[in-house]
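Visitor: Take this structure, written in structure tokens, and hold onto it; I'll ask about it next.
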Amino acid sequence: MELAGIKMKNPVMVASGTFGFGKDFADYIDLNKLGAIVTKSVTLKPREGNPPPRIVETPSGMLNSIGLQNKGIEHFLKKQLPFLAKFDTPTIVNIAGESVEDYAELARILSQETTVKGIEVNISCPNVKKGGMSFGCDAGLTKQVIAAVRKATTQPIIAKLTPNVADITLPAKAAAEGGADALSLINTIVGMSIDIETGGSRLGSLTGGLSGPAIRPIAVRLVYEAARAVKIPVIGIGGIMSGSDAVEFFHAGAKAVQVGTANFVDTSAAINVIKEIEEYVHRHPRAFNFS
Ligand code: RRO
């Protein structure tokens, strides 16, 4: 199948931030079986991330506040990308920045790399003070960022949207107008968990992004709305733990899905999702057209 100009063996990708740069999973699963690998967000310069604790378990989900920790684009190109080049699975690089120019610069740098088959533009990180979600919450800025990335590269562009908005159709349309080839949604939902003994937040940065099965109905609704607002393909993300969860997103209008939090529970989660989708398609041969 092909999505936004990216050739994939199946419609199941692993979501940014939940699969590192592939290496940690390669001992457990065959990376060649995945539809695509989306790498952890990379910025121009290294970032330390947020103060600990950074992860809290919640009912049917988890809160994270990593704060975009990464070693920067130079390190990524030298130390992480060469490993992924060995696999016959497209690598999609998730990029993040504090300014429109940061995103454009990252896209320019990555446009030289043949291993990179697509760029996922993270305008939806809930855990940073500058940039991140503030871009994705504003349709004007969404369009500006995507248009700047569009100018900087001919690689396929996926705009990763935030659910923390009143009307998802506005950033969805803005990203499409800016020149995105696809949308991916949802990133995490801003949440908070309080330790009642101390009265303080369980996260060092007070709030974090909620993910996991708890958010799936919200994600399905937002994918449904976004898919009807734009002509470009939508990639569904949000609490997919099984093939039937993924199938829900396909019925909502998604053309592909990303498995995220489930990777923390079971290293084979995405592989199992692929198998279960195959079984569903076998039982419902006319349900979807993955071409
Ligand atoms: O690093 C993070 O804290 C983070 C990012 Br960049 C993101 O896009 N979504 C998220 O839940 N956490």
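Quick reminder: no glycine exception, Cβ is built from N, Cα and C everywhere.
A TrEMBL annotation is a machine prediction, not a hand-curated record.
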Visitor: Besides Lys40, Asn64, Ser65, Ile66, Gly67, Leu68, Asn187, Thr188, which of Asn10, Asn32, Asn122 does TrEMBL list for that substrate site?
Guide: Asn122
Visitor: Just checking the recorded positions Ser16, Ser41, Asn122, Cys125, Gly238: which sit within 10 A of Thr188 (substrate binding site), CA to CA?
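Guide: Those near Thr188 (substrate binding site) - Cα within 10 Å - are Cys125, Gly238, in sequence order.
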Visitor: From the binding-site residues listed here (Gly67, Ile186, Gly260), select those whose CB sits under 6 A from an atom of ligand 1.
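Guide: Checking each Cβ against ligand 1, the ones under 6 Å are Gly67.
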Visitor: Using a 10 Å radius around each Cβ and counting other Cβ atoms from all shown chains, which of the binding-site residues Ser16, Ser41, Ser65, Asn122, Thr188 yields the largest count?
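Guide: Of Ser16, Ser41, Ser65, Asn122, Thr188, the one with the most crowded Cβ is Asn122.
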Visitor: Long-range same-chain neighbours of Gly67 (substrate binding site), Cβ under 8 Å, sequence gap at least 6?
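Guide: Gly67 (substrate binding site) has long-range Cβ partners Arg47, Glu48, Gly49, Asn50, Arg54, Asn127, Val128, Ser205.
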